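Working notes, beginning with the structure itself.
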Amino acid sequence: MPALVLLGAQWGDEGKGKATDLLGGSVDYVVRYQGGNNAGHTVVVGDQKYALHLLPSGILSPGCVPVIGNGVVVDPAVLFSELSALGERGIDTSKLLVSGNAHLITPYHTTMDKVTERFLGSRRIGTTGRGIGPAYADKINRVGIRVQDLYDESILTQKVEAALDFKNQLLAKLYNRRAIEAGRIVEELLKYAAELRPYVADTTLVLNRAVDEGKVVLFEGGQGTLLDIDHGTYPFVTSSNATAGGACTGSGVGPTKIDRVIGILKAYTTRVGSGPFPTELFDDDGEALRRIGGERGVTTGRDRRCGWFDAVIARYATRVNGLTDFFLTKLDVLTGWERVPVCVAYEIDGKRVEELPYNQSDFHHAKPVYEYLPGWSEDISKAKTFADLPKNAQGYVKALEDMSGAPISAIGVGPGRTETIEINSFI
Ligand code: IMP
């Protein structure tokens with residue numbers, strides 16, 4: 001099973017790091033294909049906890065080549081700070097490959113992200129403030145700076161000047177801020193050029209060869225399906241394709257070479273930032289999910305909004321990603337509820353709707369229709385097989401599987417690396 005995509009089936013933060021790391025030992029390449037350091041993976045290895053934002057989580061597996069694909073936006077300052085933090089903890093990071101076509105996040109992208117959010121006021125997206133949107137906007141506007149530009153100073157200078165031309169007008173005239181000097185940015189970017197050089201590669205070639213040789217290549221999505229720029233809750237989304245198609249465009253590996261697409265699905269729902277969220281809870285249950293689930297953003301430190309499981313969203317994720325499997329995470333967090341509500345459909349203007357409405361206004365008005373499943377109180381963190389789970393937990397998993405449209409092949413029952421039930425092997 002050489003090429004697999006692993007992505008968030010909800011609004012991100014489903015626990016992808018754990019899933020990737022679980023596979024890490026058998027995976028030859030782990031590829032990030034979109035997003036940047038807006039992502040946040042927490043990976044627990046033994047008694048060590050690692051929080052990664054930009055680097056693929058496969059960097060923690062000794063035999064694995066971590067790859068930053070062309071679809072990623074790279075903040076070089078963050079890249080080197082993550083690399084040196086791992087180096088200090090004895091992790092070998094020398095195998096990392098970075099696409100020469102990946103775009104760079106520069107200090108002016110971060111500035112633009114922050115000033116734009118401030119300008120939007122109550123209409124703000126609630127971005128992570130890491131410059132992700134402005135870097136992708138420059139890429140689409142064809143004024144982006146790519147990793148390969150670091151190796152031609154004259155080209156780099158011309159490109160930075162072109163990119164700043166318009167932004168400086170905006171900064172000075174609209175946002176009342178000081179203009180940014182191109183020379184200072186070029187100087188700062190060039191500081192990273194030599195150090196970055198050993199990692200820079202034609203990753204498309206490397207990855208296609210790896211797939212052709214039957215190596216196991218894992219494409220690791222950042223964010224989640226409903227944060228996808230095309231298929232998410234636009235405009236409350238990130239600026240890249242977090243869905244399965246992004247794995248192809250963001251790596252240069254074609255869709256016929258992908259064998260399996262695994263959606264990571266939390267046993268309840270969370271999101272950070274603004275935007276619609278039909279099953280969001282504002283009561284003690286929401287607070288309990290946040291506390292028990294440790295629902296605080298790895299990247300921003302913001303409390304996550306919490307709610308019950310939404311099967312409409314899970315079905316949508318199955319559809320737009322062509323999911324072959326789910327990895328259900330954090331089932332243990334639901335231990336202790338007498339009954340667990342699950343949203344099976346929405347009510348919109350008095351009508352029952354089974355599928356995610358494509359019209360944004362409808363989605364904003366969607367009210368969850370709940371079914372109540374019997375809960376369980378036993379500790380499930382030691383369960384090794386599906387049969388070890390209490391009957392009601394088994395029933396909950398089976399019900400989610402039936403509603404979501406793809407088999408649940410693994411279940412997370414605790415934060416540790418071994419606290420996972422594998423039902424069908426992914427590889
Ligand atoms: P941006 O990606 O920083 O532009 O933020 C756009 C939206 O995506 C905001 O609502 C963020 O909170 C959200 N977002 C970005 N990255 C993540 C993530 O890794 N997990 C969950 N939400 C994210």
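Each residue, glycine too, has its Cβ placed from N, Cα and C.
The model shown is predicted, which means the values in this text are computed figures rather than measured ones.
Straight from TrEMBL, the features:
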BINDING   12-18, 40-42, R304, 330-332, 412-414  GTP binding site
BINDING   D13, G40  Mg(2+) binding site
BINDING   D13, E14, G15, K16, N38, A39, G40, H41, T128, R142, Q223, T238, R302  IMP binding site
ACT_SITE  D13  active site, proton acceptor
ACT_SITE  H41  active site, proton donor
ACT_SITE  K139  active site
BINDING   V298, T299, T300, G301, R302, D303, R304  substrate binding site
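Checked against ligand 1, the recorded positions D13, G40, H41, T128, Q223 give D13, G40, T128, Q223 as the ones with a Cβ under 6 Å from it, listed in sequence order. Residues V298, T299, T300, G301, R302, D303, R304 make up the record's substrate site, and a Cβ search at 8 Å around their centroid adds G40, V272, R296, G297 from the same chain. Across the fold, the C-alpha of K18 (GTP binding site) and the C-alpha of T299 (substrate binding site) stand 16 Å from each other. Proximity note: of the listed binding-site residues (D13, G40, T299, T300, R304), T299, T300 have a CA within 10 Å of the CA of T128 (IMP binding site), given in sequence order.
Of the recorded residues, the residue listed as 'active site, proton donor' and V298 (substrate binding site) place their C-alpha atoms 7 Å from one another. Note: the CA-CA distance between D303 (substrate binding site) and L331 (GTP binding site) rounds to 20 Å. Cβ neighbour count for H41 (active site, proton donor) (all protein chains, 10 Å cutoff from its Cβ): 26. Looking only at Cα atoms, T42 (GTP binding site) sits nearest to V298 among the recorded positions K139, V298, T300, R302.
Taking the binding-site residues D13, D303 in turn, the residue surrounded by the fewest other Cβ atoms inside 10 Å of its Cβ turns out to be D303.
Within the set of binding-site residues G12, G15, Q223, V413, the entry lying nearest in space to R304 (substrate binding site) is G12 (CA atoms). Taken residue by residue with DSSP, V413 (GTP binding site) is part of neither helix nor strand, so it is coil.
In terms of Cα spacing, the recorded positions G15, N38, K139 that come within 10 Å of T300 (substrate binding site) are N38.
Over all protein chains present, the Cβ of T300 (substrate binding site) has 17 other Cβ atoms lying within 10 Å.
Taking only the Cα positions, the spacing between T299 (substrate binding site) and N38 (IMP binding site) is 6 angstrom.
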